[in-house]
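Below is one structure, written out as structure tokens; comments come after it.
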Amino acid sequence: MEEELPLFSGDSGKPVQATLSSLKMLDVGKWPIFSLCSEEELQLIRQACVFGSAGNEVLYTTVNDEIFVLGTNCCGCLGLGDVQSTIEPRRLDSLNGKKIACLSYGSGPHIVLATTEGEVFTWGHNAYSQLGNGTTNHGLVPCHISTNLSNKQVIEVACGSYHSLVLTSDGEVFAWGYNNSGQVGSGSTVNQPIPRRVTGCLQNKVVVTIACGQMCCMAVVDTGEVYVWGYNGNGQLGLGNSGNQPTPCRVAALQGIRVQRVACGYAHTLVLTDEGQVYAWGANSYGQLGTGNKSNQSYPTPVTVEKDRIIEIAACHSTHTSAAKTQGGHVYMWGQCRGQSVILPHLTHFSCTDDVFACFATPAVTWRLLSVEPDDHLTVAESLKREFDNPDTADLKFLVDGKYIYAHKVLLKIRCEHFRSSLEDNEDDIVEMSEFSYPVYRAFLEYLYTDSISLSPEEAVGLLDLATFYRENRLKKLCQQTIKQGICEENAIALLSAAVKYDAQDLEEFCFRFCINHLTVVTQTSGFAEMDHDLLKNFISKASRVGAFKN
């Protein structure tokens, strides 16, 4: 039965009825500010950001791409053209037709927003030119910022307390706003009224991600190096001292470590490496470094969460809270927690890091733009996904390791050449399978229904074997992508061997590069000691050609 739900539409911006068969909801109920919204309004939220000094400002988009705001509207941060507070959602008409790609906020607060087209809009507090429009007047409505960005596509934005940072698709970083500690990276301490490219050590680098603390900036380049600049009074730049840095400087203590992500709290920094390890440095008065004490650290310090690989880190410049998520789905938090100091990573009952900031952080803000894809009808692909392993509609079952997996002959024949021939004249409704394990074979069949895989990197090696055996090239590519996420120094040689065995060239090159980047440790592992002779010979030859053994 179809369900009737309200959709915002019309000149008034009030809900009108529309019929939807199903709808994915973004879970925002843990943030107190959303208690001001009706259940009907909450059902329509697709993206959301909570900000402000008390978590008292909200911007969200609906499933039909309208933007709404509510809150105290401090300094016009809601972009409505006035400074009137509102406890009811008001539509932000000035951004009508724009789709939000990413968004960040400052302490004033001010907002920096990038659209899916790569345009930048800013509004709100502007006493330090953090809006980048060349003035110090507060912006009551969104202003398109094009100076020095007119031919650029912005793909990521970040805000400090009163400065702004953006990253373009070609790996360039632009900054503007408050610069008393060098946080704009211009080499001076003069405020920057318009976007200016951050150069110096970044001049010939390709930046892949950025982050801002209250008064500092971080940039990760494509080689995995981290560059930092700005205020350093708490050691948040990780340079081993407390001196401010007016231009980008590489974090030398991370030499040989490839960083993938960076996140900044009020005055502390977290990074995530390609091996799933977290390092932290900076202020630690609330235990936000997770080191077991409250002593500041000016050098990167490992954070021990658990043996499982970390896949996500989270921090926000307006809080002293840290969070991380493991590959197994466990979420940990540490730092300031509702008036308490948690000095070691603490396992929560949450399934996402966003909930840590809703429930434990002060203020209760979002550390990133929350987002969920709209789902206003069931596609053919979604219908097929629902029917996988459904005994009610299946006409075939596989017996693997004593367990049944239910499937549909016609779909298997459509999706897989192997089944097209093997099931052609087969009238049996049970197929016994002993060549592969239950998790691997179930993942294979599920892939035929969903075009995706959900296995751990370790199990994906077995699926890679199956994909090679059945000549499923797309599945083979997906397996390689999954396996890459689980590589570490201890298993790198084993994964390299598997890549060679199953002729997975992309994975082979990835594993080889990983081994070269971590050569000293990899060559001391048991996997390297037990390496096949021919593989070892080829590895040494190839490593020599890329200069791995040069002094």
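Cβ atoms are placed via backbone N, Cα and C, with glycine included.
For reference, Swiss-Prot has these:
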REPEAT    64-115  repeat 'RCC1 1'
REPEAT    117-169  repeat 'RCC1 2'
REPEAT    171-222  repeat 'RCC1 3'
REPEAT    223-274  repeat 'RCC1 4'
REPEAT    276-326  repeat 'RCC1 5'
REPEAT    328-382  repeat 'RCC1 6'
DOMAIN    394-457  domain 'BTB'
Stretch-averaged pLDDT - the repeat 'RCC1 4' (223-274): 97
DSSP-derived helix, strand and coil totals, residue by residue, for the repeat 'RCC1 4' (223-274): 3 helix, 23 strand, 26 coil
DSSP residue counts for the repeat 'RCC1 6' (328-382), split into helix, strand and coil: 9 helix, 17 strand, 29 coil
DSSP-assigned states of the repeat 'RCC1 5' (276-326) in counts, ordered helix, strand, coil: 0 helix, 24 strand, 27 coil
